[in-house]
Amino acid sequence: MFTIGAHLSISKGFENLGLEALSIDANTAQFFPRSPRGGKAKPLNQADVDGLQELMDNTTMDVILAHAPYIINLASKSEKTRNNAYEIFEDDLKRLDNLPNNMYNFHPGSHVQQGVEKGIELISDSLNKLIREDMKTTILLETMAGKGTEIGRTFEELESIIEKIDMDEKVGVCIDTCHIYDGGYDIVNDLDGVIDEFDSIIGLDRLKAIHLNDSKYGLNSHKDRHEKIGMGKIGIDAITEIINHKKLRDLPFYLETPNDVEGYKEEIDLLRGLYK
């Protein structure tokens, strides 16, 4: 089954998130559990959560993906910034315990001239404190484009974080197609090679989701500018190969393209037609 969704709003609640996803022929959805700029999250409404659970129990929607606020930086040089990131992360994980089958995706962070090794140490230290044995949510490290001092451009950097996690069974990876292409992995001309490299360094069992985005800029550009499907430098042929690849096709895919809800519906219809 092709599991495809898009980044949608929870401003009208979680049940509405599921209903809106189904209305655009999606069977999963990504959302911000709070403002992408941080701040307090709205209190959970149990009836609303129950509505989402019932919807997921009775449809093909099996999993949802929460995306951490962009401001989170567990690798920051500033202790205040790290503490704020930790508090948001911890609160989000506690809230997600109350939601149906879900994962929590985050940008690993930027080391801000401290060096990659120090940044990796700070991230893994925080994750070891955040991860609980009774936690239901799987935490996903996202592949990054390599802007500035971002950590996570290379598979080696992500693996260096994961190998330091005590309860690493609760940690996975989300590949962003725009990010890895901008970061230097040629998924257009050598998708098999990139997948094999990921498998040899991290392991395909860690790959839990894919952000399916075209890229406004070219290979190794380190720009991180998403483009609509088929309108960027990755192109429709490579995207078709990605969604149909035998090692990727059963993963959940999430659109983060520059679109409104109707635009997402058009892309989902297009991709469903290309899925074989």
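Just so it is clear, glycine is given a Cβ too, placed from its N, Cα and C backbone atoms.
Feature list (source: Swiss-Prot):
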- HIS67, HIS107, GLU142: Zn(2+) 1 binding site (BINDING)
- GLU142, ASP176, HIS211, GLU256: Zn(2+) 2 binding site (BINDING)
- HIS179, ASP224, HIS226: Zn(2+) 3 binding site (BINDING)
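Shown in sequence order, HIS7, GLN30, PHE31, PHE32, PRO33, PRO36, TYR104, ASN105, PHE106 are the residues of the chain, 6+ apart in sequence, with a C-beta less than 8 angstroms from the C-beta of HIS67 (Zn(2+) 1 binding site). Same-chain neighbours of the Zn(2+) 1 site beyond HIS67, HIS107, GLU142, judged by a C-beta within 8 angstroms of the site's C-beta center, are, in sequence order, ALA68, TYR70, ASN105, PHE106, LEU140, CYS174, ASP176. On a Cα basis, ASP176 (Zn(2+) 2 binding site) lies 10 Å away from ASP224 (Zn(2+) 3 binding site).
Annotation note: GLU256 (Zn(2+) 2 binding site) sits in a coil segment as assigned by DSSP. Sitting within 8 Å of the Cβ centre of GLU142, ASP176, HIS211, GLU256, and not among those site residues for Zn(2+) 2, are the Cβ atoms of ASN105, THR143, CYS174, ILE175, THR177, CYS178, HIS179, ILE210, ASN213, TYR254.
In this structure the C-alpha atoms belonging to HIS226 (Zn(2+) 3 binding site) and GLU256 (Zn(2+) 2 binding site) are separated by 7 Å.
In the structure shown, the C-beta of ASP176 has more C-beta neighbours within 10 angstroms than that of any other entry among the binding-site residues GLU142, ASP176. Cα to Cα, GLU256 (Zn(2+) 2 binding site) and HIS179 (Zn(2+) 3 binding site) are separated by 12 Å. Within the same chain, residues at least six positions away from HIS179 (Zn(2+) 3 binding site) with a Cβ under 8 Å of its Cβ are GLU142, THR143, MET144, ALA145, ARG153, HIS211, ASP224. Within 8 A of the CB centroid of the Zn(2+) 3 site residues HIS179, ASP224, HIS226, the other residues of that chain are ALA145, ASP176, CYS178, ASP182, ASN213, SER215, LYS223, ARG225. Non-local neighbourhood of HIS107 (Zn(2+) 1 binding site): ALA68, TYR70, ILE72, GLU142, MET144, GLU150, GLY152, each in the same chain, at least six residues away, with C-beta under 8 Å from its C-beta. Its Cβ placed at the centre, ASP224 (Zn(2+) 3 binding site) has 19 other Cβ atoms within 10 Å. The 10 Å shell around the Cβ of HIS226 (Zn(2+) 3 binding site) contains 23 further Cβ atoms across the protein chains shown.
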